[in-house]
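A short worksheet on the structure shown next.
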Amino acid sequence: MKIDTFFRHIREASRGIRKNSWMSFAAIGAVAVTLFIFGFFLIFTFNISYLTKELDKQVAIRVSLRDGLTADEQEKLLENIQKDPMVSKANLVPKEQGIRDLKQQWGKDSDFLDQLQDGDENPLPDMIHVIPKNPEQIKQLEAQLEKNSSQVEHADSGGNVTDRILRFSTFMRTVVLVFSLALAILAAFLISNTIKLTIIARRREIEVMRLVGASNWFIRWPFFIEGAFIGMIGSIVPIGVSIGVYYFFHQILSDGETYGLFKMMPVLDLSTRLGITTLLMGIFIGSLGSMISVRRFLKI
């Protein structure tokens, strides 16, 4: 297609929106309402997905080292673990650091740990904290780490707690996938039918263009672009409102005690994903709805 022809189609699409302003306004409004609802469900699915990823990060193996290992031996073992293809991250946690971490976790109830922090009475072993690349492989990785029996006292992945986290993450991923597909299909159905109504109202215009010998693609392009414009314009307000509402609740909940239990997706990350997804959804479904409707009138 020539550049001047493409710009001509854009001008025709703009003229079509202005000429049929009421129908276009109604279509934009319907698209906006649909994408507004779609946006809030997207926020829910994005946060559930974010939560499962955060839970996966808590799946780790605590490798207790045998007493008497030198610093060089510990570093060598750490390097070998880090080279394992199943390992995402591994770091050494000396027993002194372990006591400090316990003090931080227990807060006011940790006074009795003071005498253990730097003394020989520290009951904690030196440890290596290992995070697997794939949480589903944690049992396999745990068994592999325990093979270093001369240096490793014990490798613990959390047992039943880890199993419950993995089952919950798998379940929530399935819910998000099914929910997202159902929501996308519903939004596509509502928006495409709204766009169809605007095209059906202009069927005589299409018939006249066919009578004067215009090719099918010459007829399709302005309507295709017009549908994309309607979808794009209709997505702008829902994106702004959805992000604004999310920011408001994010600020409130992040100041409360529940934030640690139900950690929300960062506003910037969600805004980017929500904006791109909603905008592309509006443009794609708007143009697709126009193409399907015009095709109906181009059949001989």
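Cβ coordinates come from backbone N, Cα and C, glycine included.
TrEMBL labels come from automatic prediction, so no person has curated them.
Some features that TrEMBL has for this protein:
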- 59-148: domain 'FtsX extracellular' (DOMAIN)
- 178-300: domain 'ABC3 transporter permease C-terminal' (DOMAIN)
- 21-46: transmembrane segment (TRANSMEM)
- 176-200: transmembrane segment (TRANSMEM)
- 221-249: transmembrane segment (TRANSMEM)
- 274-294: transmembrane segment (TRANSMEM)
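Within the same chain, residues 176, 179-180, 183, 187, 190-191, 194-195, 197-198, 201, 226, 230-231, 233-235, 237-239, 241-242, 245-246, 265, 270, 273-274, 277-278, 281-282, 286 sit at least 6 positions outside the transmembrane segment (21-46) and bring their C-beta atoms closer than 8 Å to a C-beta of that stretch. Residues belonging to the domain 'ABC3 transporter permease C-terminal' (178-300) score a mean pLDDT of 79 in the model. Residue counts of the domain 'ABC3 transporter permease C-terminal' (178-300) by helix, strand and coil are 107 helix, 0 strand, 16 coil (DSSP-based).
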